Amino acid sequence: MTPPASPVSPLLEALSQEDIGAVRVHAPLADYCTWRMGGPADLLVEPASAAHLARILAWCREHGAPCVVIGEGSNLLFDDAGLRGVVVRLGPAFASLHIQGTRIAADAGVHVADLAWAAQRAGLAGLEHAVGIPGTLGGLVAMNGGSRRQAIGDVIVRVSAVDHTGALLDFPCVACGFGYRTSVFQRNGCIVVGAELDLPRGDPAAIKAAMEADVAEREAKFPLDLPSCGSVFKNSDAMYAAFGPPGKVIEDTQLKGLTVGQCQVSSKHANFFVNLGGASSADMLALIGEVRARVCERTGIQMECEVRYVSPQGAIMPAHDAAPQP
C-alpha cells in the first residue's frame, strides 16, 4: 500500500537537500528497530553533530513537522503506517566515549554493551547489570533503564540534552527526575545527547566474570534468536510482592506461546514478545492488549508497558495506551 502523502512533504524534501548528515527518504522503520516492524518514515536523518541535531529540531518546530529521535529503536514499536514526518537517528557521529579517573563521558549513540565493557577495562564497576541490555545510552538514560533492580540513573552525574528549540542544556542528576523506568526526558521533550557517569573502582577480573555470567544467563533465558524489544511490561512492587515479576505472572496466566498473527509471547521468556517473521504493529498491540487484560482478570493488576508506541503523527506513548482495550 502506498503511504499517504505527508502534509509537510515539500519542506521535508527541502531539508533533505541540506548538508546536515546522511538522509534517507521513505525509510522503512522496520530497519531501525529491534522488533523489525514499522512502515516508512517520510525522512530519516542521521545528523553529523549535535549542532546539526539542534538545527534539525529547530527546523521541524518552525515548520510544524513531526519529529522523533531514536537510537537503536530497541524500546520502540513503530506503526505499520510509518511516520508522516522526520525520524532523526543518533548514529556513529554520537558515539564518542572518554574515561578520566572514575568518570565516563559518553555520547548518546554509544551502545550500552560497549559502555559496560569500556568501564570494565578501566576497572570501573556499576555497569555489570547493563552489559546485556540492547540499544544505546541515550535511550537507556531517557528510560532510566537497567536490570537486576539497578538503573543507569544510579551512576549519572549529569546529562546533556537538546530541547525542542535546538538549545543545548545541562541537567545535573537531581534535575533528571529519575524513577523506575522514567525520567524527565520522557516528559520535557528534550533529547539526550550525552551523559557523564561516576563509577566505583573495582577489580577488572571480577567485573569481567560478573558480566560474562550475566551474558550467559541472558542467552539461556531470553529468545535472542528472534526480533524483540526486550521486556515488554514493567515490574511493579505490588505485583512483585503478590505474584512475582511480569514474566512469571504472564506464564502463570498460561499465556506462553499465545500468538496473534506473527506476534508471539515467547515460549522461552513470557515477558518477551517476538516477531516470528513479517509481524505487524497492529497484531503486536492486539497481543499486548490481550495479555494485559487476561493478567488483570487473574490478578486485578493493570500492567504497564516499558515499550513505547510511535504513532504515524509522531505521538509517543506507552504501548498499552495504544493497545485495544477490553
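For all residues, glycine too, the Cβ spot is worked out from N, Cα and C.
TrEMBL entries are annotated by machine, without manual review.
Some features that TrEMBL has for this protein:
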ACT_SITE  ARG181  active site
ACT_SITE  SER231  active site, proton donor
ACT_SITE  GLU306  active site
DOMAIN    37-227  domain 'FAD-binding PCMH-type'
Cβ packing number for SER231 (active site, proton donor), 10 Å threshold: 23
Helix, strand or coil at SER231 (active site, proton donor) [DSSP, three-state]: strand
Distance, GLU306 (active site) to ARG181 (active site) (CA atoms, angstrom): 7
Cα separation, SER231 (active site, proton donor) to GLU306 (active site) (Å, whole number): 7
Cβ packing number for GLU306 (active site), 10 Å threshold: 20
Within the predicted model, mean pLDDT of the domain 'FAD-binding PCMH-type' (37-227): 94
ARG181 (active site) CB neighbourhood, other CB atoms within 10 A: 20
